[in-house]
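Annotated features, as they stand in TrEMBL:
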type	residues	note
DOMAIN	33-147	domain 'Plastocyanin-like'
DOMAIN	159-309	domain 'Plastocyanin-like'
DOMAIN	416-550	domain 'Plastocyanin-like'
SIGNAL	1-24	signal peptide
């Protein structure tokens, strides 16, 4: 029989859970995926949007709330929606990557994504996870603290999502299909965008340039999201400092900087105090390019911060904004310094006893062309590919990985993804033997026991070209213990590990010709893809997936699939 004290504790805990549940809301939305005419760079294109908006709707919730979003596909392409950075505890069916956690929503079909946001605050985002639809299908997802809970910094006067995107003066689906047909690299984008607009450095764009009104002396919270497909971006604001307070919906120790480097998939929240003369100032962004001899979009996108000066009504467009200094395209030292500044606000729990030590090489490669096929890869008769540990990931076509796992359907995947590269070599050498350039295609998963502590070394390779790769894990946040250049040395580089306040993220920009070490606990059952967030690289196979087994009991097990889960 329970003691009075233990019964009282149980009652109090139940009351606490009930109060938290009462505080939460359920938000219902309908996302209609459809063609919409949009004019940019003097031309009108029919692009794929959500609810006719580009970028799509901003979702605003509080921690603990539940989202129910009915996605209706009225477009000509298959589609899925991924809620980037949401942990999806036990609700992997709502994660969204095509052929991983669900089959696509076919034209004319629909699917309700249902999930609760647990223990997360800050800026995340949502985007299509099917082919290159996320070029135009994306939007912000803002998670505020619960009622009566505050930010860990002074409340800003205003909050503004600033979404960095990428625009093609063409149909992005046609761009990637042409590249897949030839085996060459896709055409680069024609412009970057801020909240859907290229900015007034581009023709036919001046009147629509994104403008952010501010008042002198106030502090604004700018929520930066890099939704670009294939470019990491430097961001600066003319004559203003930025204080970073969160990345990927995890708070950070505040640190002040004049430049951000944000990789695709990442978010960065900054406080900006409007302490300059009351006039107009550019926000500007352009590419950080770490690869060599590779085409890239070398344009600059702009938005304008406009002070409300209380002066004559002709203040505004007639005053040319101040322009910021931007780093050089290949300024790796600035990108490295920015990453090093990000720390968790308090001491975090890092596990010294690790169950799974994994070492994954990440990088490009080449396949030989099929007989009779003319390919446009960098070497004669080759096509681009990419891989992790020499496995170029192949997405299934007949079923999703999660559905096949849940119902134990054979033949969809195997569970033999290698824990280490099958061949060890000088990963960052200038001339890697061409015998190592050809990976093996496969749909291989790596199984993890529920609750196991996982530590992964992500090692860039110089095959074809070294490059900074933004690696994103679905269903998990992780701690970045260390980053460095060259080949990871387990004896020497462990001395660089931060066991006190490493940053927590969902996407890590693995340094060019270098490495990163991450750690997480496999406490979320399901199938979770880990991939490069440069979309051309995931198209080429730079991905793998973890299969996290159920633990004990209902609360450590994957929920059953929804009745409306799309079938292939």
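Each Cβ is built from the backbone N, Cα and C atoms, and glycine gets one as well.
TrEMBL entries are annotated by machine, without manual review.
Computed from a predicted structure; not experimentally measured.
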Taken over the domain 'Plastocyanin-like' (416-550), the model's mean pLDDT: 97
Counts of helix, strand and coil residues, the domain 'Plastocyanin-like' (33-147), according to DSSP: 6 helix, 58 strand, 51 coil
Counts of helix, strand and coil residues, the domain 'Plastocyanin-like' (416-550), according to DSSP: 13 helix, 56 strand, 66 coil
